[in-house]
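J.: Annotation source TrEMBL lists domain 'RNA 3'-terminal phosphate cyclase' at 13-334. Look at TrEMBL and you will find 104, 293, 294, 295, 296, 297 tagged as ATP binding site. As annotated by TrEMBL, domain 'RNA 3'-terminal phosphate cyclase insert' applies to 184-284. The annotation active site, tele-AMP-histidine intermediate is assigned in TrEMBL to 319.
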C-alpha cells in the first residue's frame, strides 16, 4: 500500500456507507490513494454490504483503480486510483441495494472523465434508507444542475425491497469545472405535488389512501395551496411488489424540498402518507433552502466547485458534518457549519 495513502476512519461521526461514498469519489477525482478502516463498525451488520461493495467496485472501474479488501463484511479497504475512464460502466447490487446510492458515488467521478459516461445501475430504485429515484430526479437533479452538473437518467425498470430488479441508465456529461452555488433566499412555498404508487399485486386503493392522507396532513398547516399528489399504478416497468409516496414542495425562488415514505408489511397506507407529509412539513418549517436529505448530498459538489458555495439549511445533520469532515481530509476545502450554516469553500447556514 502506498505510504502516501490518506487513512480514513470509517466509524467516525455518522459512521455509515456515506463515508465510503464520499471518500471513494474524492479519492478517484483527486487521484489520492485512500485506506478506510473500521467500516460501519457500529452497525448491526458491520463492514461492507452488497450495495457498498458494488459502489466501491464501480468507482474502482471508473478510475481504473486498484481495490483491496473489498468483500462482503470487510471492514478495511484500500483504493489506489488511476485515470478516470469515460464510456460504459455497469454496476449491479444483485439485491434491492439502492441505485440512487450507486449514483451518489459514481456521478462526481464521471463528471471528471475525458468524455461522456454511460452508467447502467441495477438494484432497488425505491428502497429504504436511501433516496427514492423520484427524489434523485425531481429534487437532487435540478439543484445539482446549478453547479454545472448535467446528467440524464432513464428508468428502465423500478425495483423494490426485497427483490430489487430495478435498472436505470444514466448518461453523464463531463465538466471542465464546477460553479459555486449560493442558495440563501427561500422565498415562499409556491407548489406542492407528488406521486403515490403501488406496484405488482398491491391494490390501487393503497395509492389513493396514501395520497389522501398526505393531502389531509399538509392541509392542516398549509391551507392556501392546491396539492396535487397523483395516485399511480406502476405497470410494465416495475419488478416485484411495492408501494410508496413522495411529496415535493417548490418555493418561489426555485428551492425544492421533499418528504417520502415506503410501504411495509402490516402498515396502513394512511400511515405511510402521513409519514411523508410530516417529513415534508418538518423540512419547510425551518426556512432553509434545502431539506435535510439534500444538504449532505451537495457537500461533495460544494467542495469540488471553484469558489465558495453558500447554502442556507435547517439544522446541519450528522450526515452533513460527516461529509464536510471527509471532504476536508481529501481536498483543500474548509467547511463552516454553524447550526444552520455550512461553509466549506462550503458555507452552510
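Keep in mind that glycine also has a Cβ here, set from the backbone N, Cα and C atoms.
Just so you know, TrEMBL annotations are computer predictions that nobody has curated.
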J.: DSSP-wise, what's the residue breakdown of the domain 'RNA 3'-terminal phosphate cyclase insert' (184-284) into helix, strand and coil?
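T.: So the counts come to 34 helix, 38 strand, 29 coil.
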J.: Inside 8 A of the center formed by the CB atoms of 104, 293, 294, 295, 296, 297, which other residues of the chain have their CB, for the recorded ATP site?
T.: 131, 140, 290, 298, 299, 319, 320
J.: Using C-alpha atoms only, work out the spacing between residue 297 (ATP binding site) and the residue listed as 'active site, tele-AMP-histidine intermediate' and round it to an integer in Å.
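T.: Approximately 9 Å lies between the Cα of residue 297 (ATP binding site) and that of the residue listed as 'active site, tele-AMP-histidine intermediate'.
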J.: Do any residues at least six apart in sequence from residue 296 (ATP binding site), in the same chain, have a Cβ closer than 8 Å to its Cβ, and if so which, in order?
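T.: The list for residue 296 (ATP binding site) reads 18, 317, 319, 320, 322, 323, given in order along the sequence.
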J.: Taking the Cβ of residue 293 (ATP binding site) as the centre, count every other Cβ atom within 10 Å, in any protein chain shown.
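T.: Excluding its own Cβ, residue 293 (ATP binding site) sees 21 Cβ atoms within 10 Å.
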J.: Do any residues at least six apart in sequence from residue 294 (ATP binding site), in the same chain, have a Cβ closer than 8 Å to its Cβ, and if so which, in order?
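T.: Counting only residues 6 or more apart in sequence, the Cβ neighbours of residue 294 (ATP binding site) under 8 Å are 139, 140, 143, 256.
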J.: Using a Cβ-Cβ cut-off under 8 angstroms and a sequence gap of six or more, which residues of the chain neighbour residue 104 (ATP binding site)?
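T.: Non-local contacts for residue 104 (ATP binding site): 21, 55, 297.
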